[in-house]
Amino acid sequence: MGNRKDHYYNKSKQEGYRSRAAYKLQQLDDRFDVLFGGASVVDLGAAPGGWLQVAAERAGARGKVVGVDFQSITQFETDAGLETVRGDMTEDETRQRVRDAANGSADVVVSDMAPDMTGEYDLDHARSVHLARQALETARELLDAGGHFVVKVFDGRDFQDLLADIEDEFAFVATHSPDASRDASSELYVVGKNHIVAPIAEGDEHTVEIVDTGDEGDGIARIEGYTLFVDDAAEGDTVDVTVTDLKPNYGFAERRDGA
């Protein structure tokens with residue numbers, strides 16, 4: 001553990017990153033492609049700024065990066081495209097300031113927030129889940145359809161419930177422990193890609209009118225502007241359906257009459 005810790009600590013000093021945690025985001029992005037040129041990124045729990053540096057590098061000159069932490073974040077040599085907010089993300093005022101700084105929406109929300117450690121594992125785990133849920137709520141508020149999410153959480157009894165809630169929000173979800181994490185750490189990162197913004201949920205039942213036909217012959221219905229593909233339905237049909245799968249901009253449904 002010590003050798004790996006020293007490796008990333010020394011590497012961060014040599015390469016000018018403010019923390020060894022910068023390599024965690026690098027490795028997560030290398031594996032899952034959550035950051036991209038021109039992206040609008042919100043970084044929660046951003047102090048001292050290692051993740052901000054990586055996000056700014058990968059978003060590039062056309063990107064916008066907003067970092068928030070209750071601790072002060074020392075100004076960067078170049079702040080082009082980078083803004084920091086000092087405050088507590090559990091407070092409504094801070095959340096509003098972040099929304100304002102991000103101009104109301106973001107392509108990516110990342111969170112490396114962690115609780116003050118007590119040494120009591122169950123308590124530390126519960127607090128980390130609480131922070132992760134705060135980050136998820138921020139992602140719900142800020143992410144456009146197709147947006148991405150990365151959040152740190154300590155493994156434990158409440159993890160699966162949190163994971164299930166994240167899976168409800170994103171088309172792709174994975175967990176990963178990057179090499180830059182310490183060997184003895186229980187931290188995991190959950191990656192959610194392609195945020196689903198839909199007026200419906202999987203399992204919902206609806207009566208819909210088929211208004212068009214897709215390239216593969218599926219019927220197309222629209223619910224509050226959201227596109228729903230329905231098997232074995234023709235334009236002009238009115239059918240009862242069950243929603244089976246949701247993507248950021250479209251979903252799929254099956255007819256309930258078995259046609």
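Glycine too: its Cβ is placed from the backbone N, Cα and C atoms.
A coil conformation is recorded for Gly49 (S-adenosyl-L-methionine binding site) in the three-state DSSP classification, outside any helix or strand. Every protein chain shown contributes to the tally, and the Cβ of Gly49 (S-adenosyl-L-methionine binding site) ends up with 24 other Cβ atoms within 10 Å. Under the heading S-adenosyl-L-methionine binding site, Swiss-Prot lists Gly49, Trp51, Asp69, Asp88, Asp112.
Annotation comment: Swiss-Prot describes Lys152 as active site, proton acceptor. In the three-state DSSP classification, Lys152 (active site, proton acceptor) falls within a strand. Spatially close to Lys152 (active site, proton acceptor) yet at least six residues away along the chain are Ser111, Asp112, Met113, Ala114, Ser128, Ala132, Glu187, Leu188, Tyr189, judged by Cβ distances under 8 angstroms.
The predicted model assigns the domain 'TRAM' (199-257) a mean pLDDT of 94. Swiss-Prot lists 199-257 with the feature domain 'TRAM'.
Within the same chain, residues at least six positions away from Asp88 (S-adenosyl-L-methionine binding site) with a Cβ under 8 Å of its Cβ are Phe70, Thr94. Counting Cβ atoms from all protein chains shown, Asp69 (S-adenosyl-L-methionine binding site) has 23 others lying within 10 Å of its own Cβ. The Cβ neighbour count for Asp112 (S-adenosyl-L-methionine binding site), using a 10 Å radius and every protein chain shown, is 24. For Trp51 (S-adenosyl-L-methionine binding site), the Cβ neighbour count at a 10 Å cut-off comes to 29, with all displayed protein chains included.
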